[in-house]
Amino acid sequence: MGTQKVTPALIFAITVATIGSFQFGYNTGVINAPEKIIKEFINKTLTDKGNAPPSEVLLTSLWSLSVAIFSVGGMIGSFSVGLFVNRFGRRNSMLIVNLLAVTGGCFMGLCKVAKSVEMLILGRLVIGLFCGLCTGFVPMYIGEISPTALRGAFGTLNQLGIVVGILVAQIFGLEFILGSEELWPLLLGFTILPAILQSAALPFCPESPRFLLINRKEEENAKQILQRLWGTQDVSQDIQEMKDESARMSQEKQVTVLELFRVSSYRQPIIISIVLQLSQQLSGINAVFYYSTGIFKDAGVQEPIYATIGAGVVNTIFTVVSLFLVERAGRRTLHMIGLGGMAFCSTLMTVSLLLKDNYNGMSFVCIGAILVFVAFFEIGPGPIPWFIVAELFSQGPRPAAMAVAGCSNWTSNFLVGLLFPSAAHYLGAYVFIIFTGFLITFLAFTFFKVPETRGRTFEDITRAFEGQAHGADRSGKDGVMEMNSIEPAKETTTNV
């Protein structure tokens, strides 16, 4: 195999794809800053329509619906990934669903002019559908066009897009930018611009060569794209690996969601995929951001929103750090380090929150714990669950696996958002003990069950799971440790 290079074509394609990740992050964070203003809009709109102000219960319910329906859309969208990528391809799917982003952005951006709360809620649902689809499309596309030796580093760019989106939403949400009573519809409707930008750029990006060869049997086209993306003429080994996978796929029928759980060679990787997604959402990261503003205020920070933005900057910085570490330390190691560090920090947060009224310095200890907690999240549990799913499966089951994993992520996100406020009300600072328990459980699971995928081709990983499943069927034993001991594929020299 020839020396692979990080070419401008590869960087361009990955950058354009991560606009979808940015959209997910932006629309996740954008609703928080203008909460008070949007509640006033809902109150005024319903008062004008009904000639009487709505009850506090109705007002709170409509606001909660505006926030939560985004996750409902995400669940539906993420579960629909396979319907698009198998029919239209990876690139074309990203292009088509930008129609949803424009539609959702228009609904949200025009809801104030139309004096329609329904448009706001419908817009959040549609943009949730779009973001749910993006959480499947982007990691899949990046994983399939990246050289094996850099697949993890480029996969981390998906998470970088998400955290940059959240940070931009926090900054744009400041009152003197777009978070004012007059401009908040533009804040929500801004999502149209990245959609237009991505739609204009995607036609200049190649389709996934794996999709072209394995799904469409276009070997010559796939070969030319690989040569252009990787900057080498000798891609024969990669083409042969795809052809072998294509031959295996031709002997199998299309994999359904139920078959992921029924077939022994798919069962373990799909369980690993789901648990890793749960480890992200049940880590307590959203709870920490929920608490952060109040904690910063208690510590004497005059404008806690700026401290929250500071946490967002830490978020971004350590995602970049993870980008450089993931191909050196490996996915499994970084995920365990992240989970272990977060467990320690969540314990420290519980102690400092309980003692902050008695000891002045404890508020600052808690702030430090929050920032380090966020840093550990972005080292492992933030980026790794998104792209490792694409690594654990071959071309046939990959779309169904991405759909199941994405849906489990969105569902757990929805449940945490639904249940956390009540848990925080009844448990107070002790609520973080729950997350500590989850983190320790996920750490143990990762140690015993999750294989290292660094430096392995998709074919290597798939064959390892198949061998493990056959061995388990014969002996009744679990073969995970054998998989963890497999040597990575011979690494290709990669020039930047």
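Any Cβ shown, glycine's included, is placed from N, Cα and C.
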Matching residue for the D-glucose site, where Swiss-Prot names Gln280, Gln281, Asn286, Asn315, Glu378, Trp386 - out of Gln23, Gln159: Gln159
Is it the case that Swiss-Prot assigns Ala9 and Arg398 to the same side of the membrane? yes
Among the binding-site residues listed here (Gln159, Gln281, Asn315), identify the one with the smallest other-Cβ count within 10 Å. Gln281
Distance between Gln281 (D-glucose binding site) and Asn43 (N-linked glycosylation site) at the Cα atoms, whole Å? 32
Taking the transmembrane segment (154-174) as the reference, which of 65-85, 119-142, 305-325, 430-450 gives the largest number of Cβ pairs under 8 angstroms? 305-325
Recorded D-glucose site residues Gln159, Gln280, Gln281, Asn286, Asn315, Glu378, Trp386, farthest C-alpha pair in Å: 17
Okay, the transmembrane segment (184-204) and the transmembrane segment (332-352): do they have at least three CB pairs under 8 Å, pairs separated by 6 or more? no
Six or more residues beyond either end and a Cβ under 8 Å away: which residues meet both conditions relative to the transmembrane segment (364-389)? 135, 139, 142-143, 151-152, 155-156, 158-160, 163, 273, 276-277, 279-280, 283-285, 288, 291-292, 295-296, 299, 307, 310-311, 314-315, 317-319, 321-323, 325-326, 331, 334-342, 345-346, 348-349, 352-353, 356, 401-402, 405, 409, 442, 453
Measuring Cα to Cα, how many Å separate Asn286 (D-glucose binding site) from Asn43 (N-linked glycosylation site)? 27
